[in-house]
């Protein structure tokens, strides 16, 4: 079959002096960073949905892209053509992983039977493509939010029959992910929330969602899936308020239903923006709570209140994110999935490469800067100094539960405590970070 991207062989690393827009300037897969290949640190993935399913439509205009697999025709044949182009893209971009929703790769059909049969055929196609290309599946998931049946949610729907349909999709998508060797399975509650409390029973919906997640965990163990289950937090859109608002909210939910040891988090940069947090904050929070799993690498627009899903281009922002990830030991089953799309006006097919190349270079440079921060150790040293009092006898007795509130009050009076505030030196630390960012 003729190549779709016929003007490009493969994207290659050419170094920072290159002016070739279809070459990497910073991402060198084989470069060693802290003793590990860059490719192994970053674990890049391209997503199926924004890259090959979006047709350029928005709320104010119809599809703007001319994609051959989005033209009228037999649904399965078009899905197979889309898979051909997708794996050509993955290969030429040098990404080791990809991600999908069930209906990204397979026609939904008019019934559950058609859905299952179509998906089974496409899983065989994807398995062959993976074998041929060496590209692996980072994670799969089920789209339980686009079809009108999910207007009031999937797991939180007032109709148990909709709940059951969603369960069928998750079973099918998880088993497909397992068969394809996927390293994670993602759960994003696209419409698990509410528009108005006037028709919503919050307790009922929370119980439904909790039971659904428990069943997902049960099924994972039943089929022997060894990958990681991930929830992707998002505060709103498409609903007014979603139950998986941010990392801290999801932690509370998981604790309530006894799932905190079973499910981790897939953190998206743009969702952090919508929640009023920095990307850095959400990553650090997930790590602090022991829930860090994977990342959807993109960016939002602080001046817009919706998910713009742009490609990451801020080395400054992502250097601190990669610093947190490296400090925590790096990715295990997770990676950096580009949940990002070209702009509606970017209608040239090679714009897909420009977006991903820039994003991969951004994250590669961020990784190298983060590694310098780790090797230097100055930030860690400053934080250790700031909290050093907690290593004292008093600090340890407090943390180990050896002193009560009354004991502390007595101690403070007996020792005539008069603590003096110590500077946080924020400005100095910001200058230090800029040194890593901008000084060679």
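Backbone N, Cα and C define each Cβ position, glycine as well.
Annotated Mg(2+) 1-binding residues in Swiss-Prot are 232, 268, 339, and among 244, 246, 296, 361 the one listed with them is 296. Shown are the binding-site residues 296, 307; the one with the most C-beta atoms within 10 angstroms of its own C-beta is 296.
The two recorded residues, residue 296 (Mg(2+) 1 binding site) and residue 271 (Mg(2+) 2 binding site), have Cα atoms 9 Å apart. The Mg(2+) 1 site is defined by 232, 268, 296, 339, and by the 8 Å test on Cβ atoms against their centroid, the other residues of the chain that qualify are 188, 266, 267, 269, 270, 271, 295, 298, 337. Here is what falls inside 10 Å of the CA of residue 232 (Mg(2+) 1 binding site) among the recorded positions 101, 271, 309: 271. Checked against residue 309 (Mg(2+) 2 binding site) by C-alpha proximity, the recorded positions 101, 104, 268, 339 yield 339 as the nearest. Cα separation, residue 101 (active site) to residue 339 (Mg(2+) 1 binding site), rounded: 12 Å. Nearest by CA distance to residue 104 (active site), out of the binding-site residues 268, 271, 307, 339, is 339.
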